[in-house]
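Look at Swiss-Prot and you will find 27-47, 97-117, 128-148, 166-186, 204-224, 254-274, 308-328, 351-371 tagged as transmembrane segment, backed by sequence analysis.
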């Protein structure tokens with residue numbers, strides 16, 4: 001198997017060749033992955049917001065953002081700057097400490113989850129053995145922040161929105177975890193890199209989507225509910241709750257909720273690409289491509305091109321699902337709260353359990369095809 005590009009080793013070697021001591025070179029490297037993660041996730045959010053505006057406009061036969069930059073690409077940046085300079089208001093009867101802590105608790109766990117998202121064999125910040133388990137654990141922290149924000153606002157609409165967010169998250173966290181467990185069972189690992197490697201070698205035919213079609217649908221529905229996307233945006237339903245738990249927020253605190261929502265959507269789409277669509281894997285096996293071109297897989301130029309193609313593949317697969325999520329907003333009506341909970345507990349949970357048991361049975365019966 002192609003070992004991929006050792007980004008950390010190459011960077012440290014480059015700095016030591018320039019004349020820096022190895023210790024200093026390692027110290028320079030340490031903050032760079034985190035900075036890259038923050039910048040990359042923020043750019044991903046800006047692209048998603050722009051896509052949402054343009055696709056929504058097309059669905060309604062409008063033009064959408066047009067004048068702020070080419071094709072309106074700078075409109076999300078303008079929104080962020082506007083919110084940055086708006087007054088930060090704390091309601092008179094609110095609990096100021098919890099009111100401030102709420103949006104922080106929502107955003108930080110989502111950004112931390114990007115630690116285990118691989119864009120290539122070695123193109124990730126931390127290849128943890130408990131990768132997907134860490135992601136599910138961190139995603140369960142955000143609802144605490146939403147509930148905290150709703151309670152601290154001292155507003156009935158905010159409180160109802162926070163309670164809805166907590167109920168929704170609990171209802172859909174379990175089906176999501178069951179779908180991930182089925183993938184982990186086939187891969188014999190919780191590491192995101194191992195999960196992608198288990199799908200490599202056969203190109204598109206080796207991807208988990210063919211072995212886990214029900215799991216993919218289950219995962220995506222649960223992920224949309226976790227991201228509070230339509231038709232599951234009950235915690236902030238405008239017609240019912242003004243803006244839900246965000247009602248009393250303004251300025252940067254409101255922007256943090258907005259940012260957290262889209263960062264979570266991009267993260268969920270990336271996880272679909274990694275768990276079910278082969279991650280950075282190209283639809284045609286790279287060893288075949290290398291033999292057709294007439295170069296070795298270990299060729300430095302081929303590795304660089306393969307790394308760039310891998311990053312592109314992950315992003316294309318992820319943004320395809322973001323496109324689907326945006327289309328769903330304008331094609332599916334919002335469900336009622338009882339329908340939302342019934343779907344989670346009475347349908348997705350049993351389907352997830354059956355899918356997990358079926359995967360275990362198939363793994364024992366067909367160990368080669370199902371990662372025995």
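Cβ from N, Cα, C; glycine included.
The stretches the transmembrane segment (97-117) and the transmembrane segment (254-274) meet in space: the count of Cβ pairs below 8 angstroms, excluding pairs fewer than 6 apart in sequence, reaches at least three.
Between the transmembrane segment (27-47) and the listed ranges 204-224, 254-274, 308-328, the one holding the most Cβ pairs under 8 Å is 254-274.
Most Cβ pairs under 8 A with the transmembrane segment (254-274) among the ranges 166-186, 308-328, 351-371 are made by 308-328. Counting Cβ pairs under 8 Å to the transmembrane segment (308-328), the stretch among 128-148, 166-186, 204-224, 351-371 with the most such contacts is 204-224. If one looks beyond the transmembrane segment (166-186) by at least 6 residues along the same chain, the residues whose Cβ comes under 8 Å of a Cβ in the stretch are 132, 136, 139-140, 142-144, 146-147, 195, 198, 208, 211-212, 215-216, 218-219, 221-223, 225-226, 228, 232, 234-235, 275-276, 337, 340-341, 344-345, 348-349, 351-353, 355-356, 359-360, 363, 370-371.
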